[in-house]
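Asker: I'd like to ask some things about the structure below.
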Amino acid sequence: MITEAIQKVVAGINLSEAEAMETMQEVMEGKATQAQIASLLTALHLKGETVPEITGFARTMRTKVIRVQTKRRNLVDTCGTGGDGANTFNISTACAFVLAGAGLPVAKHGNRSVSSKCGSADVLEQLGVFVQLTPEEAGLCLDQVGIAFLFAPLLHGAMKYAAAPRKEIGIRTVFNILGPLTNPAFAENQVLGVYSSDLAPVLAQVLANLGTKRSFVIHGCGGLDEISLAGEALVYEVKDNQVKEMIIDPMDYGLDRAPISALAGGDAKRNARMIKNILSGAPGPQRDTIIINAALGLIAGGLVRDLAMGIRLAEQIIDEGYALKKLNLLVEFSQTLVGRRSAAL
């Protein structure tokens with residue numbers, strides 16, 4: 001199938017969802033050569049990936065992921081595509097602790113740095129979290145703490161076949177956008193930031209196709225994959241298989257304008273310090289950015305009806321120490337799990 005798929009895509013012909021599923025299956029079962037994988041990814045990039053293609057790829061990837069089992073329901077994920085090149089601090093990771101502090105179960109899917117200086121796994125490690133949990137440990141962490149980090153390389157083993165071609169061609173590929181669509185705990189609700197305004201409605205429709213419960217796809221001012229205080233954000237709400245476009249301006253909710261430079265991050269040590277400060281109640285544009293992005297997650301998880309209520313609740317969760325407490329609990333429990341491993345040896 002992959003040979004036929006390459007020929008079609010090179011000719012500018014879109015794949016059907018079924019064809020995309022079959023093609024990805026060959027890739028993830030090691031039946032495609034590295035040259036074929038590289039050719040397919042490059043051709044797709046040049047043609048532009050469609051909703052049926054991304055949906056089909058994601059469906060196959062979901063069948064290959066090592067599933068994280070949990071007793072928790074109504075899971076939320078804040079994993080975005082990354083790749084905006086802005087080198088901000090880890091906004092979606094900080095938001096995850098606000099959501100968990102509010103009582104939402106958070107299955108935070110992520111990886112090490114791809115396009116920035118510091119990925120979610122990097123900053124969580126710096127904060128003291130043990131990120132390389134087994135599927136069983138991650139499920140236990142979700143059950144006991146209400147938040148767990150799902151480290152992509154340990155749970156998407158079939159991705160190994162595409163790793164070398166992706167690295168060698170050195171361009172952004174469809175795999176960069178498949179990560180947020182393939183949460184190993186099958187989170188039903190998402191806040192998914194994207195690096196391109198053109199990609200936002202595409203991924204919103206893909207989420208609808210995949211049966212998301214309630215999710216938001218965000219493309220922020222200045223190309224950010226988050227809502228920023230610099231200006232209006234393009235947001236797509238996905239609910240009941242319907243996609244609704246909206247524009248969100250933080251100023252409409254009493255938040256002051258701030259340049260994107262106010263969100264500048266650095267290495268893992270710097271970003272960890274910034275997150276700790278925000279969760280400890282430090283005021284400023286970094287806090288306000290976390291609050292408005294977390295507010296969307298609170299809506300997605302069903303805790304609040306609208307953005308204004310979400311902002312108020314996010315402020316309360318931070319100011320009353322619940323978000324920081326959740327971070328500390330995750331650090332403690334993840335390290336306890338490591339200790340159990342050592343004791344079992």
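Cβ atoms are placed via backbone N, Cα and C, with glycine included.
Checked Swiss-Prot, it gives:
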type	residues	note
BINDING	GLY80, 83-84, THR88, 90-93, 108-116, SER120	5-phospho-alpha-D-ribose 1-diphosphate binding site
BINDING	GLY80, ASN111	anthranilate 1 binding site
BINDING	SER92, GLU226	Mg(2+) 1 binding site
BINDING	ARG166	anthranilate 2 binding site
BINDING	ASP225, GLU226	Mg(2+) 2 binding site
Asker: Determine the minimum-neighbour residue: among SER92, ASN111, listed as binding-site residues, which Cβ has the fewest other Cβ atoms within 10 angstroms?
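Answerer: Per-residue Cβ counts within 10 Å for the binding-site residues SER92, ASN111 bottom out at ASN111.
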Asker: Starting from GLU226 (Mg(2+) 1 binding site), work out which of the binding-site residues listed here (GLY80, SER92, HIS109, ASN111, ARG166) have their Cα within 10 Å, and give them in sequence order.
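Answerer: Matched binding-site residues: GLY80, SER92, sequence order.
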Asker: If H, G and I count as helix, E and B as strand, and all else as coil, what does DSSP give for ARG166 (anthranilate 2 binding site)?
Answerer: helix
Asker: Taking only the binding-site residues ASN111, ARG166, ASP225, which one has a CA atom nearest to the CA atom of THR88 (5-phospho-alpha-D-ribose 1-diphosphate binding site)?
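Answerer: Minimum Cα distance from THR88 (5-phospho-alpha-D-ribose 1-diphosphate binding site) across ASN111, ARG166, ASP225 lands on ASP225.
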Asker: Taking just the CA atoms, what is the gap between ARG166 (anthranilate 2 binding site) and GLY80 (5-phospho-alpha-D-ribose 1-diphosphate binding site) in Å?
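Answerer: Checking the Cα atoms of ARG166 (anthranilate 2 binding site) and GLY80 (5-phospho-alpha-D-ribose 1-diphosphate binding site) gives a distance of 19 Å.
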Asker: Per 10 Å Cβ neighbour count, which of the binding-site residues HIS109, ARG112, ARG166 ranks highest?
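Answerer: Of the binding-site residues HIS109, ARG112, ARG166, the highest Cβ count within 10 Å belongs to HIS109.
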Asker: Select the closest residue to ASP225 (Mg(2+) 2 binding site) from the following binding-site residues, measuring between CA atoms: GLY80, SER92, ASN111.
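Answerer: Result for ASP225 (Mg(2+) 2 binding site): the nearest of the binding-site residues is GLY80.
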Asker: In sequence order, which residues at least six apart in the same chain have a CB under 8 Å from the CB of GLY80 (5-phospho-alpha-D-ribose 1-diphosphate binding site)?
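Answerer: The list for GLY80 (5-phospho-alpha-D-ribose 1-diphosphate binding site) reads SER92, PRO180, VAL191, LEU192, GLY193, VAL194, ILE218, ASP225, GLU226, given in order along the sequence.
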